[in-house]
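S.K.: Sharing a structure below in structure tokens format, with a few things to ask.
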């Protein structure tokens, strides 16, 4: 087997109703945004639970009744400053770009969106195909608190899609469901006039409690769309014909501003050459072959056996969730690492332990490297023995049959999503 790697300047982060757009768009960029500090904050085990629920992966019994632990900042990281003004949405610059930062600890990368002239901060999710927003029609008053709420009665362009409903379920715990409206949706100055938008009448508590985000913009394929009886296209699919190229790119960087860009591939955002990988789109995901791995260095590439040989690129998941064989092989090389079934229901280790990098197949001919610096998710402070405990950004898929390349993966690589094929392309961040 021949597996190529690509060396770059910083040594390897890649080695081996008909919607009508307003006008010809060409290309546009959306810089990531953040909300101000809120009382709600995620933690590693909670994010792992959400990933399991989203893809229907069975949880371990230790996760039942789990409550978030105290969260500390990552060792050596300064705490992000709180947003100011209206929930951290800053004014546009001379190019019409909205500029701000990701949320605390890179936990969630968010973007400004306007629906019917009303502003929101939303999560771009390549792992789903529904766009939905918190709204005034929700029946739970508690769920409305600390969110921007879309009010269709205040939009001159809103119309209800008669008899259309959506019901997106993330496993059996997290969900959003309700009627569907059509309205003008604007992202970064690019507009779709009749975008289908779900208005949940109820949402799962875990979604309502996430005060950083007002909803989701689904960017997977239409096949995953849950609107019935007629599936609706995503914002990207509606806009694709009016773009210079039917692509969007994700530049999600650790501790820095990033962006999504539609219609063009900015060569200044990455090093070296892009590696193109065909997408397995039969299930509606941005899914690629991913069955090879190596820990520390490329001297011994191993293959997943009796597991899942593909992985889904999902900007809506924070962690890197891989086959249990990979996870065990990785943490076997981290001194003091252990699976903690009681306090964390996941892999933890002393924060001062040296960490190896992880090589992971992207397609059948190339390996990507996830640097060790990106594989610590967060610190929980000193334990009973006085040793600071860290939660890993790499966690097991619990033999769930699905591997998820979440934001830990994206922080290592610049990624192009291309409708042609479809395909994805990857290179190290510039």
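Start at 1 and count along the chain as shown; that gives each residue its number.
Keep in mind that glycine also has a Cβ here, set from the backbone N, Cα and C atoms.
Straight from Swiss-Prot, here's the annotation block:
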{"type": "ACT_SITE", "residues": "125", "note": "active site"}
{"type": "ACT_SITE", "residues": "314", "note": "active site"}
{"type": "COMPBIAS", "residues": "87-97", "note": "compositional bias 'Basic and acidic residues'"}
{"type": "DOMAIN", "residues": "109-427", "note": "domain 'Peptidase A1'"}
{"type": "CARBOHYD", "residues": "306", "note": "N-linked glycosylation site"}
{"type": "REGION", "residues": "66-105", "note": "region 'Disordered'"}
{"type": "SIGNAL", "residues": "1-17", "note": "signal peptide"}
S.K.: Between 125, 314, which of the active-site residues has its C-beta surrounded by the fewest other C-beta atoms within 10 Å?
M.R.: 125
S.K.: Between 0 and 100, where does the mean pLDDT of the domain 'Peptidase A1' (109-427) sit?
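M.R.: The predicted confidence over the domain 'Peptidase A1' (109-427), as a mean pLDDT, is 94.
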S.K.: Which state, by DSSP, holds residue 314 (active site): helix, strand or coil?
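M.R.: Looking at the DSSP assignment, residue 314 (active site) belongs to neither helix nor strand, so coil.
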S.K.: Please report the distance from the Cα of residue 314 (active site) to the Cα of residue 125 (active site), rounded to the nearest angstrom.
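M.R.: About 7 Å separate the Cα atoms of these two residues.
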